Amino acid sequence: MADLLASIASSNAAPAAPIATTHRMGLSEEEAAFLLQEATAFAAGHGMLVQAPEQRYAHLPYCLLPVAFPKTQFEKGVALGPLFGTLVDRISEDPDWLHAQLESVLAEDPFTRRLVELSKLVQANGRAQPASLGIFRSDYMLHDDPSDEHAAKILQVELNTISASFACMSSLASELHHYLLSRFEADMPSLARYYGTTITSLASHLPANPALKALPDALAKAHAHYGRPSAVVLFVVQPNESNSVDQRWLEYTLWTEHKIKVLRRTLLDMHRATQDATTKALWVDGKYEVAVAYFRAGYTPTDYPSEHEWSGRTNIETSLAIKCPNVTYHLAGTKKVQQVLASPAQLRRFMSENESRVLEACFTGLYGLEKQSPDLAASVIESIAPGAHHQCHSIKAAVRANPQGYVLKPQREGGGNNFYGQEVVDQMDKMTPEELESYILMDRIVPQETPAILVRNAQAVAGATISELGMYSVSLFVHGKAIVNEHAGHLLRTKLSSTNEGGVAAGFAVLSSPFLV
Ligand code: ADP
Ligand code: MG
Ligand code: MG
């Protein structure tokens with residue numbers, strides 16, 4: 001332990017670069033440096049950590065202070081969570097529809113094809129387990145509308161239905177910011193000025209973040225529903241997970257709060273798991289019955305280097321264990337399904353008129369890239385660039401006219417897969433029509449920039465930033481009926497606006513939290 005602390009200390013020995021006045025927003029350089037020291041100590045002391053190679057741990061990169069965020073928009077995000085929970089469950093009750101929507105991406109996307117095959121297999125066998133557990137995170141960016149006096153509204157980036165991570169780390173980031181504001185507000189008047197306000201009780205502007213408790217509670221409810229107190233919760237993990245501490249917090253909380261045992265196993269390990277021939281109960285090492293299988297792996301093709309991992313996944317999916325998520329929930333979270341649901345008629349297949357309107361208020365333009373009929377193509381172009389389809393003979397032409405307005409996305413998770421700006425044009429020119437069908441096109445959301453101080457390896461990097469708000473929700477549905485379906489905390493990721501992508505683990509963004517105004 002002393003070695004660990006010594007090595008982390010030595011790697012942080014370089015002096016911090018000075019932070020420009022404009023990015024300090026009224027804090028003096030000394031105050032910023034002091035807060036940075038306090039915050040890094042808090043992060044270490046409270047386990048806001050990431051696993052570095054060779055079993056070493058470092059603090060997760062974080063935003064020094066919470067970022068101003070409109071309260072009404074945050075509350076909208078809270079209300080949207082359960083609606084997405086209902087939507088995903090209703091889609092999973094209609095697997096033929098789901099599989100049909102994904103048909104066009106399958107030719108050039110062997111990974112999604114495999115998942116659809118698995119989903120069809122589960123359907124053909126008859127689901128062994130009628131209960132479905134969801135731990136979702138719907139991600140939004142605050143779109144800045146210059147035509148409406150810079151009115152800002154949240155627009156959905158995507159819905160994550162598998163392996164939505166950082167819930168525990170995000171609760172810790174909220175605690176960190178709560179501590180800094182409440183502890184130092186009286187000593188440091190410039191903290192209030194940082195938010196351009198003279199109000200007191202700064203910490204009261206930070207919304208409660210129950211994620212660290214709400215996720216284990218949901219896993220425990222599913223465990224109770226399964227009905228065998230001695231059964232375990234299985235965490236399906238990647239062999240080299242760097243975000244393991246985030247998962248460990250769930251594991252420890254399940255033990256201390258619920259006395260439920262967690263086992264960590266890889267998909268490869270699960271290849272050797274067994275199923276009871278009659279009940280389909282899933283057993284690990286021949287002695288642990290699995291009540292709930294929680295996936296923190298399996299969302300990306302590289303999680304399946306051989307057939308063994310697919311057999312591990314199949315073992316779980318066809319079993320009696322309650323899956324979080326099951327493969328239909330997983331597929332309901334694909335970008336293709338998000339794009340299809342942006343069509344009003346498709347959304348209303350699952351949701352009432354009122355529910356649909358609430359959901360649609362956070363949708364941005366989403367476009368399929370099927371080899372469509374000329375009529376359909378014209379209507380898509382009309383929606384991309386109203387009145388422009390006389391000049392634009394194809395989606396490609398519409399995109400070429402404004403490359404900065406779009407993001408091109410494949411059916412992938414985990415960040416780093418999208419194309420932006422000129423890349424969109426280049427990729428669309430390069431790809432065959434079949435390849436293009438496996439992607440979707442989305443309007444680029446343009447948030448307003450905020451100056452902020454980001455801290456990585458105890459070093460500050462300051463600049464203009466943009467943020468992405470993630471809203472967790474948890475659900476437990478049985479035969480279409482909700483036993484649990486509620487908001488479960490939030491995540492704010494802040495990144496320098498010069499970077500496109502938003503994954504914290506990928507090294508582009510930092511943990512942050514909203515200061516509601
Ligand atoms: P993934 O499932 O890989 O996380 P996302 O859809 O979340 O895929 O895209 C990754 C990142 O790309 C997001 O976190 C965000 O920073 C950026 N991004 C995605 N879609 C948009 C968009 N429509 N407008 C602006 N940025 C986007
Ligand atoms: Mg995702
Ligand atoms: Mg994402």
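Heads up, the Cβ atoms here are built off N, Cα and C, so glycines get one too.
Look at TrEMBL and you will find Arg137, 162-165, 241-243, Gln247, 296-299, Arg493, 504-505 tagged as substrate binding site. The feature ATP binding site is assigned by TrEMBL to Glu158, Lys335, 409-418, Tyr420, 442-445, Glu468, Lys495, Glu501. Annotated Mg(2+) binding site per TrEMBL: Glu158, Asn160, Glu413, in sequence order. What TrEMBL records for 231-332 is domain 'Glutathione synthase substrate-binding'.
Only Glu158 of the binding-site residues listed as Glu158, Ser165, Gln247, Tyr299, Glu413, Gly416 bring a Cβ under 6 Å of any atom of ligand 3; the order follows the sequence. Comparing Glu413 (ATP binding site) with Tyr299 (substrate binding site), their Cα atoms are 6 Å apart once rounded. Among the binding-site residues listed (Glu158, Ser163, Ser165, Tyr299, Glu413, Arg444), Glu158, Glu413, Arg444 have a CB atom closer than 6 Å to some atom of ligand 1, in sequence order.
Residues Arg137, Asp139, Leu159, Thr161, Ile162, Ala164, Tyr299, Gly333, Lys335 surround the recorded Mg(2+) site, their Cβ atoms falling within 8 Å of the Cβ centroid of Glu158, Asn160, Glu413, which are themselves excluded. DSSP assigns Lys495 (ATP binding site) to a strand in the three-state reduction.
In this structure, Asn160 are the binding-site residues from Arg137, Asn160, Ser163, Ser165, Tyr420 whose C-beta falls under 6 Å of some atom of ligand 2.
Neighbours of Pro410 (ATP binding site), defined as other CB atoms within 10 A of its CB across all chains, total 21. Tyr299 (substrate binding site) and Pro410 (ATP binding site) are 13 Å apart (CA-CA, integer value). Using a 10 Å Cβ-Cβ cutoff, Tyr420 (ATP binding site) registers 14 neighbours.
The binding-site residues shown are Ser242, Gln247, Tyr299, Tyr420; of these, the one with its CA atom nearest the CA of Asn160 (Mg(2+) binding site) is Tyr299.
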